[in-house]
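This report concerns only the one structure given below.
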Amino acid sequence: MTKYFFSSSFLLFLGNWIGQIGLNWFVLTTYHNAVYLGIVNFCRLVPILLLSVWAGAIADKYDKGRLLRITISSSFLVTAILCVLTYSFTAIPISVIIIYATLRGILSAVETPLRQAILPDLSDKISTTQAVSFHSFIINICRSIGPAIAGVILAVYHAPTTFLAQAICYFIAVLLCLPLHFKVTKIPEDASRYMPLKVIIDYFKLHMEGRQIFITSLLIMATGFSYTTLLPVLTNKVFPGKSEIFGIAMTMCAIGGIIATLVLPKVLKYIGMVNMYYLSSFLFGIALLGVVFHNIVIMFICITLIGLFSQWARTTNRVYFQNNVKDYERGKVLSIIMMDRGMIPLGSLLMSICADVFGIVRTFSIMGISTICITMVFYFINRKLKLKLEESNHGIS
């Protein structure tokens, strides 16, 4: 079952990247309006924030394999319709693109927590850490090759062909999902009465350590993870006129992420999960500071480390919550945890304003320092709470 799930995931994520690049290019070249591009991407992302909790509740109630087939089949259907429309008509209304982006956003909002909830149940032969790490590895591989494939398609053919490639990826992904079946987790009667939001509030009341990790993640997603938006500005400032530097930098970042997912399961045998999360977040902040040096070798090394440590932080975050949640609450809790990604666009906006006011080099320094400070503050808060809990338990015993 593992091979079918990960093969399907690879094709789904590959299709997502090819389609995303193709859609952005289609909107820009067809309508020549940057506002339309912003609206389309807003419609694609906002359902994730609005529907994730509801989607997580669904993942806890029904056969996850069937839900996965439904979501990917629906993605194939709407993408195939868009493909037919763009091939059939020389111009289509922007409203059609907005409707498509919204539908894909809704399906993504359901599929993301669902996929995370499946990982611990894949196989007895691999641990949750290995499953999450390999899942992240696939995401990073697709992030590396997806845009490149889309670029080749756009150069040789045109944007509608990227939608065709996307639909083909989805279709094969659906076929690979056919053997996937998972037992529905039995929800206790007293737990089934509670609304999803109450379950999440009660979870964070009980798990103080998890609460600190989640808050840390929300903040550093805004301060540090917006680097992808600002990196082209930095490379153009430090190395003006050398556009290839940005492409190489993004490749190095992806390589760092791939290395991180491969070695993390081994590293976690020697370093505790929580300590690993805070350590990788701290080193991520240090790496952000390193990219401001006007030295191409140092920049590429630091970019690689950014990819490595940021992926370590994200993966240990996901693994921690996978290992510290009840089976029948996994979908609900993970749906909230995955919403930390919603802080990246907000952080990008804030850091873009900082770049206009203070300059791009100082902005990266601000990003690095703020990420380091946030990590250290919440690490010591978490440590203090842990010591208090140990003292109280010792007093009781």
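Each residue, glycine too, has its Cβ placed from N, Cα and C.
As recorded in Swiss-Prot:
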- 10-30: transmembrane segment (TRANSMEM)
- 39-59: transmembrane segment (TRANSMEM)
- 67-87: transmembrane segment (TRANSMEM)
- 93-110: transmembrane segment (TRANSMEM)
- 137-157: transmembrane segment (TRANSMEM)
- 162-182: transmembrane segment (TRANSMEM)
- 213-233: transmembrane segment (TRANSMEM)
- 245-265: transmembrane segment (TRANSMEM)
- 271-292: transmembrane segment (TRANSMEM)
- 296-313: transmembrane segment (TRANSMEM)
- 333-353: transmembrane segment (TRANSMEM)
- 358-378: transmembrane segment (TRANSMEM)
Is it true that the transmembrane segment (39-59) and the transmembrane segment (93-110) have 3 or more CB pairs under 8 Å, sequence gap of 6 or more? yes
Quick test of the contact rule: Cβ under 8 Å, at least six residues beyond the ends. What residues does that give for the transmembrane segment (358-378)? 212-213, 215-216, 219-220, 223-224, 226-227, 230, 233-234, 237-238, 278, 281-282, 284-289, 291-292, 351
When counting Cβ pairs under 8 Å to the transmembrane segment (67-87), the leader among 93-110, 213-233, 271-292: 93-110
In contact by Cβ distance (the transmembrane segment (213-233), the transmembrane segment (296-313); 3 or more pairs under 8 Å): yes
Given the cut-off of 8 Å on Cβ pairs that are 6 or more apart in sequence, determine whether the transmembrane segment (93-110) and the transmembrane segment (10-30) share at least 3 such pairs. yes
The transmembrane segment (271-292) in contact with the transmembrane segment (333-353), cutoff 8 A, at least 3 CB pairs, sep 6+: no
Which sequence positions outside the transmembrane segment (162-182), separated from its termini by at least 6 residues, show Cβ-Cβ distances below 8 Å to it? 1, 4-5, 7-9, 11-12, 14-16, 18-19, 21-23, 25-26, 63-66, 68-69, 72-73, 75-76, 79-80, 82-83, 86-87, 118, 121, 149-150, 153-154
